[in-house]
Amino acid sequence: MLILVLNAGSSSLKYQLINVETAEVKASGLCERIGIDGVMKHEIAEHRKLEIDQPMPTHKEAIEFVLNILTHDDTKVIETIDEIKAIGHRIVHGGEYFKKSVLITPDVIRKIEELIPLAPLHNPAHLLGIRICKQLLPDKPNVAVFDTAFHQTMPEENYLYAVPHEDYLEHHLRKYGFHGTSHYYVSNEAIKMLNKRDTKVIVCHLGNGSSMCAVKDGKSIDTTMGLTPLEGLVMGTRSGDIDAGVIPYLMDRKGMSPDEIIDYLNKKSGILGVSGISSDLREVLKAAEDGDHRSKVCIEMMSNRIKKYLCSYIGLLGGVDAICFTAGIGENADVIREKACAGLEFLGIEIDKRKNKKRESGNREINKDDAPIKIYVIPTNEEYVIARDTYNLVKKD
Ligand code: AMP
């Protein structure tokens, strides 16, 4: 069964056409600069890459163009749109309503709308994607897969903030966590690799956005992102954990408005802010090698923040069987993996430097052979989880 997976952002649209039975990706791509001029990067089954300038005044033209490129001329991977059986939508915020993926009904749309104050940039774009699919492909079922759903198993003491309780009750102020689809996929792969019952796993999803998750017996019990994706680790352009007192201090000293502060903490901080070079870790690693002091400090800060959460999650879980690294940095940056684990040998966390440096695809083990705790690199595959959830819900229906 072919499933179209869509991730609609405010000016972008990511897509994959997946054969869910074989996990084959028939085509994938990214439409960018929607509403500006429009550029599409399209890849056919990992063999052929194209970059096309295509006017995309709105998301409607972008989705129409995706459907067209999949079915026409030399980019054709399917004969007709009829071969697509359903559409799986990535939705950032499901609040407390959604603990798992669901078929999209008018009630689901209403709830995603209601959650806009919690995800003001993302949920409106997702709703747009859903509405256009319903318009262009009226016979196809649509499924919503939420980034927050996996973390809905967190216990109260871990998801509440230590603020007056009325604000949780009245304003839904709490930790939700994100990257849930990735944390679910990676922890599940780790549990299969561990091949045991009663598992304690820590997932480090380290990409441009980064978060960690403590997973006990397959369920999230804590995660580093919070009400918004700003909390936790040092990320590409986000500060991660910070004293809330920084906000009024900066407002006073620099005359910044609330919107400017949010922009500062979300878009100008993290790797970009500390290094002053780039939000792309590759460039910062290169600068550090060339002796740049701020880049060196940035790498240490990122690694120490991961290490602090590793230790606190080992405490919460009462031990750990496996630590998993995933996403752009987690899968590729051996330096960050090595530094995050360094000094934790006394806990049984012993990275094998040779295995860590080796570049391999697929799931792999990078701990020393006789170490008690497994350290895995597991490439994430959120799109496959979205396709599989969509398939399962459509089949049941
Ligand atoms: P993602 O958001 O998962 O695509 O991850 C993006 C991040 O991964 C960026 O900071 C990249 O610099 C980083 N990244 C990708 N490839 C590498 C690599 N080979 N070495 C170090 N960092 C990498």
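Each Cβ is built from the backbone N, Cα and C atoms, and glycine gets one as well.
Following the DSSP three-state reduction, the secondary structure of N7 (Mg(2+) binding site) is strand. What TrEMBL records for N7, E382 is Mg(2+) binding site.
Taken from TrEMBL, the feature ATP binding site covers K14, H205, L206, G207, N208, G209, D280, L281, R282, G328, I329, G330, E331, N332. A strand conformation is recorded for L206 (ATP binding site) in the three-state DSSP classification.
Here TrEMBL flags R90 as substrate binding site. For the recorded site, R90 (substrate binding site), the DSSP three-state label reads strand.
The active site, proton donor/acceptor annotation in TrEMBL covers D147. Taking a C-beta cut-off of under 8 Å and a sequence gap of six or more, D147 (active site, proton donor/acceptor) has these contacts in its own chain: R90, I91, V92, H93, G94, F178, H179, G180, T181. Under the three-state DSSP scheme, D147 (active site, proton donor/acceptor) falls in the coil class.
In the three-state DSSP scheme, H179 (site 'Transition state stabilizer') falls into the coil class. Summarising the annotation, TrEMBL assigns site 'Transition state stabilizer' to H179 (among others).
Under DSSP, R238 (site 'Transition state stabilizer') is assigned to coil, being neither helix nor strand in the three-state scheme. Here R238 (site 'Transition state stabilizer') comes close to G209, P229, L230, L265, N266, K267, S269, G270: these same-chain residues lie at least six apart in sequence, with C-beta atoms under 8 angstroms from its C-beta. Taken from TrEMBL, the feature site 'Transition state stabilizer' covers R238 (among others).
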Sparsest Cβ environment (other Cβ within 10 Å) among recorded positions K14, R90, H179, R282 belongs to R282
Should one count Cβ atoms within 10 Å of each candidate's Cβ, the binding-site residues D280, E331, E382 would be headed by E382
Record-listed ATP binders K14, H205, L206, G207, N208, G209, D280, L281, R282, G328, I329, G330, E331, N332 have a maximum CA to CA distance, in Å, of 23
Of K14, D147, H179, D280, E382, the recorded positions whose C-beta sits under 6 angstroms from any atom of ligand 1 are D280
Of the binding-site residues listed (N7, N208), the greatest number of other CB atoms within 10 A surrounds the CB of N7
